[in-house]
Amino acid sequence: MVKSFDKISGVVFLVISILFITGSLQISGSAYGSAVGPKTYPLILGIILGLLSLRLIYETFKKNTESQKNEKPQMKYKNLGIILISAILYITLLEIIGFVLSTFLFLLVAFQVMEKGKIISSIIIAAVFSIGVYLMYVNLLGGTLPKFSLF
Amino acid sequence: MDTVQFLMDGFATALQWHNILFALVGVIIGTAVGVLPGIGPMSGVALLIPVTATITSGMPTEAAAASSIILLAGVYYGAMYGGSTTSILLNTPGESSSVVTALDGYQMAQQGRAGAALSISAIGSFVAGIISLIGLVLLAKPLSNLALEFGPAEYFSLMLLGLCAVSGLAGKSVTKALIMTVLGLMLGTIGIDAVSGIARFTYDIPVLYGGIEFLTIAVGLFAIGEVFKTILEREVDEQPIAKINRILPTKQDLKDSAKPIARGSLLGFFIGVLPGAGATLASFFSYITEKKVSKKPESFGKGNIAGVAGPESANNAASGGAMIPLLTLGIPGSGTTAILMGALIMYNVQPGPLLFNDHPDIAWGLIASMFIGNLVLLILNMPLVKVFAKIIQTPKKYLLPIIIAISFFGVYAVQYSTFDLYLLIACGVFGYLFTKNDYPVAPLVLALVLGPMIENNMRRALTISNGDWDIFVTSPLSLLFLIIAVAWIVVPLILKLLGRKVVINEEE
């Protein structure tokens with residue numbers, strides 16, 4: 001996995017560096033009154049990244065013959081997937097259904113994904129956290145968090 | 001006399017009741033962070049920046065900055081105390097600087113001497129903390145006076161040195177570490193250019209004009225990344241925890257560990273001051289040193305108390321020593337201090353030589369609070385070590401989702417934009433992928449913090465010299481910094497070519 005990741009990332013970094021170099025060339029040149037404009041520094045960075053990514057690609061292909069380590073079995077990709085999706089849903093819903101409700105739902109789902117069962121203590125902990133943080137932040141510290149605003 | 005006066009003023013700041021509270025909360029959270037495997041000091045501090053920003057939002061800027069940095073620094077050195085607990089009781093280090101503690105500490109626990117090991121590491125940490133603070137007090141003024149002489153060229157080279165030092169020692173591959181550094185510098189260029197006011201790499205997307213927020217990146221890469229890792233690689237079976245019988249060490253224990261503590265403290269302090277070499281290296285070197293000077297080197301790894309006392313003192317002394325370049329020069333030497341620096345910049349406080357003149361309250365208040373915090377930690381850790389040991393048993397089921405929720409709340413409360421939350425999730429995924437494939441993320445965060453300053457100093461220096469790049473090598477100090485910077489990258493490479501084993505610094 002490390003090796004194939006390195007190959008892909010080496011290429012990706014190379015592409016990023018090329019995009020960065022072309023991007024910095026489009027920045028207008030010297031700023032008034034100073035010898036070095038806003039484009040020089042990003043240009044240098046882009047070139048350095050390009051060289052480094054070439055070196056990374058070279059290193060990975062050189063070591064290509066090495067045997068690969070066995071990865072740990074039982075990676076819980078499904079769990080992480082569900083939590084990622086619910087996190088994204090959480091962000092989308094945050095400003096629509098408000099902080100308390102969205103946080104509560106997210107925590108409840110995440111708790112159950114981590115380990116099924118104990119639904120009542122999950123509900124209690126999720127409710128205490130979301131309502132507690134809201135009350136403390138809004139009432140005690142005078143901040144604002146999104147409220148329920150469907151209407 | 002001057003220094004004593006400043007220190008007394010610092011104590012006046014640190015002893016305000018809310019600052020005592022902040023220090024107390026900081027070290028307690030820090031100890032918990034150190035105890036919990038999976039959350040290191042770096043993600044702990046990153047996670048707490050938005051929380052402290054929220055709590056201090058009603059205070060005047062100066063006082064708010066002082067209070068939050070007191071709390072955040074408390075988390076940093078508190079974690080050094082807490083990290084030993086899991087090493088000793090569970091044989092699973094809570095953070096990388098306690099890895100060597102596990103070698104002898106766990107053996108001691110197996111022999112029923114867990115209490116002695118824990119209390120010796122608390123005492124060692126306390127002594128080391130105080131020694132490194134005295135060093136900090138003594139060095140702060142002279143170093144910041146020296147740094148005041150620096151021009152932009154010297155600063156540019158010094159920051160480059162800081163970056164090279166951290167990259168040279170981070171992770172298994174220098175290439176990967178350097179790539180991460182450059183990526184961090186690149187991220188730092190996004191937004192409005194501070195000198196010319198031209199928008200760079202914003203592609204007309206409004207949220208990008210303000211630049212990429214350091215806080216979002218740091219919390220995402222460290223805290224969220226680690227949570228994702230733990231979710232994926234969670235082990236269901238829990239290990240049994242060693243019992244703690246007697247807490248106080250015997251007289252023999254104290255006698256055996258006095259010298260290792262003294263050696264570890266001094267060694268750790270000097271390693272901590274060096275950029276790039278952090279607490280992990282310090283504890284590692286201390287262990288090797290103890291083994292070398294010991295009359296019975298074969299007893300190491302079988303429960304020798306010197307193997308606990310030395311490294312534990314060293315890692316705490318290193319965390320104190322690491323504050324010196326941060327506060328006096330404005331150059332963070334490690335990932336965690338980079339995050340502390342980012343926090344200070346958020347409050348519009350620029351760490352560096354002027355800190356001691358412009359914001360004496362913050363600088364000296366922080367130093368004084370560290371004396372108080374270390375004392376609190378000693379008191380907390382001796383009788384309450386059993387309570388902290390219980391934290392290990394916090395079910396991950398609840399802990400991990402709540403860490404995600406706290407990060408979301410914190411970032412949203414500070415940034416008030418959902419864009420930053422999406423960025424947070426993306427950084428979490430990248431943070432996991434990068435760490436898994438040996439791309440160290442600490443250099444990226446360090447570079448993101450230093451990037452804008454590096455560019456500004458570079459352009460200032462070039463403006464002074466009318467665009468002549470020679471300015472960086474004609475100034476002797478600047479040349480010296482550049483030579484050291486190059487050496488930091490090249491020497492490990494040469495050693496590797498010669499077949500030597502090079503000690504690397506794990507993420508801390």
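Here the Cβ of each residue, glycine as well, is placed from N, Cα and C on the backbone.
Where the annotation comes from TrEMBL, it is an automatic prediction and has not been curated.
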TrEMBL annotation (transmembrane segment) - matching range among B:151-175, B:326-350:
B:326-350
Below 8 angstroms Cβ to Cβ, which residues of this chain, lying six or more residues outside the transmembrane segment (B:421-450), approach it?
42, 159, 162-163, 166-167, 170-173, 176-185, 187-188, 212-214, 216-229, 232, 331-332, 334-335, 338-339, 341-342, 345, 407-408, 411-412, 507-508
Any chance you could find the range in B:20-51, B:207-225, B:266-288, B:326-350 with the most Cβ pairs under 8 Å to the transmembrane segment (B:116-140)?
B:266-288
Within the same chain, the residues 6 or more beyond the ends of the transmembrane segment (B:63-83) and with Cβ under 8 Å of it are 13-14, 18-19, 22-35, 40-41, 44-45, 48-49, 52-53, 55-57, 93-95, 97-98, 101, 121-122, 125, 129, 279, 315-316, 319-320, 323, 336-337, 339-340, 343-344, 347-349, 359, 361-362, 365-366, 369-370, 373-374, 377, 381, 388
Confidence summary (mean pLDDT) of the domain 'DUF112' (B:20-446):
84
Contact count check, CB pairs under 8 angstroms to the transmembrane segment (B:362-385), set B:326-350, B:397-415, B:471-495; argmax is B:326-350
